[in-house]
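Here TrEMBL flags B:D22, B:D23, B:S53, B:N109 as divalent metal cation binding site. Marked as domain 'Survival protein SurE-like phosphatase/nucleotidase' by TrEMBL: B:17-202.
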Protein chains: 2
Amino acid sequence: MAKATNAKTAKTTKPTILITNDDGITSPGIKALVESVKDLGTVVVVAPDKPQSGMGHAITIGHPLRLTKMNIFEGVEAWQCSGTPVDCVKLAVDKVLHGKPDICLSGINHGPNHSINVIYSGTMSAALEAAIESIPSIGFSLLDYSIEADFTGAQHYARLLVKQILGKKIDKHLCLNVNIPQSPLELLKGLKVCRQAYAKYEEAFTERDDPHGKKYYWLTGEFVNFDKGRDTDVWALKNNYVSVVPVQFDLTHYQLKDKLERSLKTK
Amino acid sequence: MAKATNAKTAKTTKPTILITNDDGITSPGIKALVESVKDLGTVVVVAPDKPQSGMGHAITIGHPLRLTKMNIFEGVEAWQCSGTPVDCVKLAVDKVLHGKPDICLSGINHGPNHSINVIYSGTMSAALEAAIESIPSIGFSLLDYSIEADFTGAQHYARLLVKQILGKKIDKHLCLNVNIPQSPLELLKGLKVCRQAYAKYEEAFTERDDPHGKKYYWLTGEFVNFDKGRDTDVWALKNNYVSVVPVQFDLTHYQLKDKLERSLKTK
């Protein structure tokens with residue numbers, strides 16, 4: 001009984017911060033994120049046991065999942081999960097935290113997740129899954145794929161944002177897609193709230209023959225930005241701002257809905 | 001030369017219809033879809049070689065893909081692909097069609113993809129990928145998981161919609177999420193343009209012990225609809241309409257964008 005009361009008191013004073021990612025629990029990016037917000041609440045990590053980049057909003061239906069406790073971040077409860085980033089969030093809420101955290105953070109991703117990347121990104125799908133569950137969430141991505149990337153700027157802005165979101169309770173479904181330029185902290189111009197740029201990848205699969213003479217294909221592609229707006233995440237990042245795009249999970253295209261209602265033969 | 005001219009003439013009169021799915025190339029649903037639209041254009045199938053349900057917008061980055069020609073639908077060019085539904089669309093455009101089809105159809109899925117399911121659905125992610133590529137697309141899902149499901153109603157409305165979309169050129173990024181109730185054709189009340197209902201799954205992982213005493217978890221969950229609107233897909237389906245939700249890939253939450261622009265401390 002006393003224990004329950006303590007837990008409740010602790011909850012009101014110290015927020016619970018769930019952290020996940022898609023590069024896997026051993027990536028430098030998640031460590032940088034843990035370090036940057038560790039003192040702002042009780043941090044619990046539930047992250048994939050292997051890289052899960054490009055997994056989008058995949059969930060694991062056809063086979064079961066494993067959770068393994070890890071001693072990997074000093075003073076922080078951490079679990080590795082055999083599933084996708086979205087599985088991690090679902091399992092964390094149901095089987096690790098036995099309830100909702102105050103905020104869910106995902107990242108810091110090694111590589112960009114601006115513009116159309118939000119659709120393919122495991123980092124952002126984990127954050128969006130939390131938002132669906134009424135847990136405010138932020139996904140962080142650094143524009144640097146290197147294992148030796150400098151996360152100083154990303155850490156500074158992660159901390160600045162988390163403090164504000166925890167204090168403000170802006171929206172229970174809040175989900176932010178935050179990208180940080182690959183620049184020293186002193187050159188970053190600050191946070192900039194943006195819209196998602198209309199950009200896409202121009203695919204060009206690389207075709208090869210295997211030793212048995214059969215073809216196989218590697219996905220490659222060139223990123224092309226069609227959007228010249230100065231209010232987009234791509235513009236902000238080019239101009240050394242940290243881009244912040246609020247993301248929604250209502251995918252209804254309302255303008256097209258009106259148009260279709262007027263024009264579609266229904267029978 | 002004569003061949004090239006013929007191909008061009010054929011193209012202007014007969015549209016190319018790319019068909020994919022997430023249940024795999026051998027599922028009855030994709031066969032039903034092929035049969036329903038076969039005479040409306042030149043159908044080409046590129047679909048996964050195994051079930052890919054719940055894959056969301058996953059793409060394959062870490063290993064190469066295979067394409068294998070199949071003789072499975074009478075008089076229709078068909079390929080199975082070792083990747084996700086999104087991979088299928090990308091590969092079809094780059095390596096099978098060597099260009100864009102006039103329309104991309106996905107399904108008919110065995111089971112619903114209304115409301116929040118659009119986020120997890122491989123069927124809808126394939127359709128959305130086509131829309132990103134400026135290919136109008138439709139994903140079809142029947143509210144029946146059975147291998148022996150009756151696709152008659154779904155086929156009727158698939159054909160009705162495809163004919164209209166091919167004729168109208170409504171929007172190059174058009175993407176429709178179409179769900180069909182599990183009812184005989186004569187009881188279906190027609191197409192109804194809707195918005196995505198706000199609904200979600202209340203997760204409850206089933207926890208089990210393996211023969212070595214280690215825990216594992218199965219994802220299960222109960223579908224809960226929080227949305228009482230009569231303009232949603234869930235309402236339409238309950239009332240025996242075929243729901244049609246236009247879907248977008250700009251995930252920016254514009255209302256929250258305005259709010260954040262006013263309230264966020266940027267440095």
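Even glycines carry a Cβ here, placed using N, Cα and C.
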Those residues of the chain, 6+ apart, with a Cβ under 8 Å from that of B:S53 (divalent metal cation binding site):
B:D22, B:D23, B:G111, B:S121, B:G122
Taking each of B:D22, B:D23, B:S53, B:N109 in turn, which of these binding-site residues have a Cβ less than 8 Å away from a Cβ in chain A?
B:S53
Sort out for me which one of B:D22, B:D23 has the most neighbouring CB atoms within 10 A, since those are the binding-site residues we care about.
B:D22
Grab the pLDDT values for the domain 'Survival protein SurE-like phosphatase/nucleotidase' (B:17-202) and give me their mean, rounded.
95
Starting from the Cβ centroid of B:D22, B:D23, B:S53, B:N109, the recorded divalent metal cation site, name every other residue in that chain with its Cβ within 8 Å, sequence order please.
B:N21, B:G24, B:S27, B:G29, B:P51, B:Q52, B:P85, B:G107, B:H110, B:G111, B:S121, B:G122, B:T123
Test of understanding: give the count of other CB atoms lying within 10 angstroms of the CB of B:N109 (divalent metal cation binding site).
31
